[in-house]
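Features of the protein shown, as given by TrEMBL:
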type	residues	note
TRANSMEM	40-62	transmembrane segment
TRANSMEM	83-109	transmembrane segment
TRANSMEM	129-155	transmembrane segment
TRANSMEM	167-187	transmembrane segment
TRANSMEM	212-235	transmembrane segment
TRANSMEM	247-270	transmembrane segment
TRANSMEM	297-319	transmembrane segment
TRANSMEM	340-361	transmembrane segment
TRANSMEM	381-401	transmembrane segment
TRANSMEM	421-440	transmembrane segment
Amino acid sequence: MNEKFSKIGFILAVAGSAVGLGNAWKFPTLVGTNGGSAFIVLYLILTFLVSFIIFLGEIAIGKISEKDPVNAYKTLAPKYKNGWKFAGVCILGAILIFSFYSVIMGWILKYVISSINYLPSDIESSKKIFQNLLSSDLGVIMFYYTICVVISFYVVSKGVKSGIERLNVWMMPALFVFLVLMLFYSMSMEGFAKSAEFMLKPNFSALNKDSVLQALGLAFFTLSLGVGTIITYAASLPDKTNLVTSSISIVFINILIGVMMGLIVFTFIFEFNADPTQQGPGLVFISLTTLFAKLGIAGHIFAVAFFVSLLFAALTSAVSMIEPSVVFLMNSYKFSRKKALLLIFIFVYIMGIGCILSYQANTASSFTFFNKPLFDLLDYFTSNLLMPISGIIVSIFVGFIMKRDSIYVLFGKYMSKDVFAIWYFLLRFIAPAAVLYIMINQLFA
Ligand code: PFF
């Protein structure tokens with residue numbers, strides 16, 4: 001019998017998993033490089049038509065089976081059980097994401113500490129500091145990275161209720177309060193109006209051929225889809241929870257926080273005439289820090305609050321990446337939680353070091369594969385390939401393999417027959433076709 005979340009604990013834990021660096025870091029960066037609100041429109045369409053639909057599918061797999069993904073597929077498949085259990089291999093994706101995600105957490109923690117008394121005043125020195133951290137300060141980055149990994153594993157070692165739920169129940173509201181305060185502060189700045197315009201007035205000509213795949217990848221990434229996390233959390237969902245309203249609130253919180261974060265980031269960018277279209281980590285780690293510096297002491301407070309918010313958002317997501325593999329090892333091999341954690345720790349810690357080394361000047365070439373540093377490769381592989389493919393598998397499994405009646409028993413209490421029929425149709429045909437179409441288009445573009 002699984003340990004169960006409380007109702008609010010479940011919503012906050014899933015929202016905590018969803019809201020993370022995807023919203024706080026990828027979202028503003030992609031919005032910036034893809035011309036602002038047109039990209040947001042694309043992201044919203046894909047969220048509602050594809051990822052939210054698949055999200056409900058994962059909830060169904062988790063709740064009906066009450067198992068980890070591997071055993072869930074195996075239990076629910078009427079035949080070919082041993083074949084279907086391979087769909088559960090997607091849990092590996094979650095720990096691959098953890099491997100590079102925890103490195104970014106290390107950067108963030110470093111910035112929390114250093115922003116207390118130092119912020120670079122010009123872009124050149126800011127760039128240098130960030131690049132040094134990535135390419136030569138191995139000791140520093142290893143130190144902060146290790147702290148972040150250990151904290152994440154410590155939380156998961158405490159279990160579902162006293163570890164994961166407890167963390168989310170206080171960190172998610174704290175994150176929200178921080179964001180509201182920062183948003184109010186941003187509203188008092190002149191850049192806010194431009195930021196709002198950039199985020200709200202669509203300019204479709206700014207979209208390029210990669211935008212659709214990137215929006216799809218983001219829609220999967222921000223909802224933590226395709227890597228078994230939602231299935232695993234749903235297995236600990238308390239009975240009599242209104243699955244539909246809870247899921248809608250989670251998606252809503254996820255979008256809201258992304259938009260709030262974007263408004264804050266772009267207010268600074270426009271206030272100080274910086275460039276909103278920078279690629280990669282530059283936007284947050286290089287530009288923003290120099291812009292905060294212009295505000296004097298308030299800037300230091302703002303910077304610390306900003307990076308602490310990022311860290312909170314990231315930590316609540318990081319723990320959700322570890323849990324699926326832990327539950328799998330506990331169910332399948334009767335490992336204790338501690339033993340399962342130790343094994344996963346060894347794997348991700350080494351992979352994470354590989355990611356760090358793939359950016360270090362001396363070692364980069366040995367950790368570059370297919371022309372991409374290991375760090376970027378894992379990000380690309382998980383968001384743009386593994387998550388969408390696994391999303392297609394979820395929709396086929398729930399739509400064609402599981403019994404429609406058993407799914408209706410789960411959702412019928414909370415949605416009308418017609419709404420259920422629409423969701424089921426979208427899940428069986430539209431969501432997988434859209435994902436496939438976008439991926440094929442991208443591959444042969
Ligand atoms: N949803 C998280 C974010 O937006 O940062 C990322 C994530 C969490 C991906 C958990 C996958 C996962 F299993």
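Just so it is clear, glycine is given a Cβ too, placed from its N, Cα and C backbone atoms.
Here the structure is a predicted model, which means the values were calculated and not measured.
In this chain, the transmembrane segment (297-319) touches the transmembrane segment (129-155); three or more CB pairs sit within less than 8 A of each other, excluding pairs fewer than 6 residues apart. Counting only same-chain residues 6+ beyond the ends of the transmembrane segment (381-401), those with a CB under 8 A from a CB of the stretch are 50-51, 53-54, 57-58, 60-61, 73, 76-78, 84, 87, 90, 93, 96-97, 213-214, 216-218, 220-221, 225-227, 407, 424, 427-429, 431-432, 435-436, 438-439, 442.
Long-range contacts of the transmembrane segment (421-440) within the same chain, counting only residues at least 6 positions beyond its ends with a Cβ under 8 Å from a Cβ of the stretch, are 46, 49-50, 53-54, 56-57, 212-213, 216, 385, 388-389, 391-392, 395-396, 398-400, 404, 407, 411, 415. When Cβ-Cβ distances under 8 Å to the transmembrane segment (83-109) are tallied for each of 40-62, 167-187, 212-235, 297-319, 340-361, the top count falls to 340-361. Of the ranges 212-235, 247-270, 297-319, the one with the most Cβ pairs under 8 Å to the transmembrane segment (40-62) is 212-235.
For the transmembrane segment (212-235), the list of distant contacts is 2, 5, 10, 13-14, 17-20, 22-23, 26-27, 30, 34, 39, 42-43, 46-47, 50-52, 54-55, 58-63, 65-69, 72, 88, 90-91, 93-94, 97, 251, 254, 258, 317, 320-321, 323-324, 327, 382-384, 386-391, 394, 435, 438-439, 441-442: same-chain residues at least six beyond its ends, Cβ to Cβ under 8 Å.
Where the transmembrane segment (247-270) meets the stretches 167-187, 297-319, 340-361, the count of C-beta pairs under 8 angstroms peaks at 167-187.
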